[in-house]
Amino acid sequence: MPNKRSVIRNTALNYIGQAYVLLIGILILPFYLGHLGAEVYGLIGFFTVLQAWLQLLDAGLSPSLVRAVAHQQGAGDGDSAGRLLRSFELMFLPMALTSCTLIYLLSPWIATHWLNARTLQPEVLINCIALMGVVIALRLYSTLYKSGIQGLEQHGWLNAANVLIATLRYFGGLVLVSQFSQDPEDFFKFQVAVGLIETLAFATRAWQQMPVARWSTGLDWRLVRPILPFAASMSFSAVLWIVLTQMDKALLSRLLPLDQYGYFSLIALITTGILMLTNPLVQTLLPRLTVLMAEGRRDDMHVLFLAANRFVCTFLFPLAAVIALHAQPLILGWTGDAEAANWSRSILSWYALGSAIMAASAFQFYLQYAYGQMRLHLWYSLVSAVITVPTLFLAIHYQGVYGASLAWFFLRAVSFAIWPMIVHQRLAPGIHGQWLRDILRISAVTAAGLFISEPVFRLIADQSRTSLFLALAASGFITVTLVAASYKPLALKIYVLFSKPST
């Protein structure tokens, strides 16, 4: 029971913290669009894509650190954590320097040959892209320190720090662009300052919790060597994951004018938000699954895995379905920009559904992660990349951004129909039946919830942004409530509650 309460508490903390970070990003970023214009907003979207691609430099080392620290904690060996962190710091140094230097050297080519800016001057673009390189180098290290803290399961402190940093990043940025300067260079200089504060804050905490005997402590190959096979598989997996999730965004940054890429960045923000819904639970789940396996409690690990999957899909599927059905009203209510809403309507629908499927599919990776057996995932990622890359090229070549959205959805749907069964049969044959029943139930009730809630949406929605949000909230609430109530243990509790005679 303490473990169960620990998971629930940590998950709640993660959801509160990351919900805040996600919500203020969603609320503030449309103001950036209004103050900076579509082209600069497109440049911010390109910055997001660039960060994702340069996670290749991390190459899966941060997740490996989470697992290694958590495993040491579960095995009662906490003294090695400081030496392990120092080893990772030294390994990250050439990667951070490489990313910063590479982006600086390539910034003129990116500004003049890749991005399609109409009003922004090349000199401004070059300077902004060079500043992006500094931010990315800082975030490589902040991610490293966050991973160590996550492995220690210090979720309360981690989320409090994330909330403070996000407040500074988004609200500070809004004050800057609304009151002082609409110059994109000033905006990215501010991001460098926030990135430096973030890295120093997480580094200080990590050093306090995982100290080393001497500052001159170097790379400890005795600790690093056992991690390398897992890290290597994670590295390859990370490369393929970024190809699968970011290839379309990279190609479209070359194809679309920068202002239209700004509209596409709104879609990318929403779909990223859908994918991020699982992150708070995963930050708690992965260390706990790993600890349970280290303690030999495999059945308990399976129970926790199924419960986490059920919990996430109960909220994930209805949310994505409501977004897909009401994409145009959502963008209009969110930004107040009719042009952006009309441009995004059909594209967002397919991206939202595909992102929900991808987030649910990631649970197969979590199961393999807990077992420490990544071979299946590597083959899956490799085959997926071999299929996805040419499919996206062809889809974008013939149908542009709409083709990218269709390819995004159908590739995920086909994979989700096949892959979980293979993983379950190989690692945990006993869980597939329950997993499949949960997915089918949630999907069917989500569809029914959309049908039932549609008259309510039409009744509430009009041309005002407030009414659109109220209508979307009502539709989502009805659908989520029906899905949650369809879970048999919960349904029985509700039945007993309402059938209990009054006294």
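Every residue, even glycine, has its Cβ placed from backbone N, Cα and C.
Remember, it's a predicted structure, so these values are computed and weren't measured experimentally.
Annotated transmembrane segment per TrEMBL: 12-34 (among others), in sequence order.
If you look at the transmembrane segment (90-112), the same-chain residues 6 or more away from its ends with a CB under 8 A from one of its CBs are 50, 54, 57-59, 61, 122, 125-127, 129-130, 132-134, 136-138, 140-141, 144, 218-219, 224. Annotation comment: TrEMBL describes 90-112 (among others) as transmembrane segment.
The feature transmembrane segment is assigned by TrEMBL to 124-145 (among others).
As annotated by TrEMBL, transmembrane segment applies to 157-181 (among others). Residues 13-14, 16-18, 20-21, 24-25, 28-29, 31-32, 35-36, 146, 149-150, 187, 190-191, 194, 197-198, 201-202, 205, 283 of the same chain, all 6+ positions outside the transmembrane segment (157-181), place their C-beta atoms under 8 angstroms from a C-beta of that stretch.
The feature transmembrane segment is assigned by TrEMBL to 227-244 (among others).
Under the heading transmembrane segment, TrEMBL lists 264-282 (among others). Away from its own ends, the transmembrane segment (264-282) comes close to residues 11, 13-15, 17-19, 22, 25-26, 29-30, 33, 41-42, 44-45, 48-49, 249, 252, 256, 308, 311-312, 315-316, 319-320, 323, 330-331, 334-335, 340, 344, 347-348, 351-352, 354-356, 358-359, 362, 366, 401 of its chain (Cβ-Cβ under 8 Å, at least six residues beyond either end).
Look at TrEMBL and you will find 303-327 (among others) tagged as transmembrane segment.
The transmembrane segment annotation in TrEMBL covers 347-367 (among others).
Within the chain, the transmembrane segment (379-400) has long-range Cβ neighbours (under 8 A, six or more residues past its boundaries) at 236-237, 240-241, 243-244, 247-248, 251-252, 255, 364, 406-407, 411, 415, 419. Annotation comment: TrEMBL describes 379-400 (among others) as transmembrane segment.
Sequence-distant neighbours of the transmembrane segment (439-461) (same chain, 6+ residues past either end, Cβ-Cβ under 8 Å): 310, 313-314, 317-318, 321-322, 325-326, 329, 360, 467-468, 470-472, 474-475, 478-483, 486-487. The transmembrane segment annotation in TrEMBL covers 439-461 (among others).
Under the heading transmembrane segment, TrEMBL lists 467-487 (among others).
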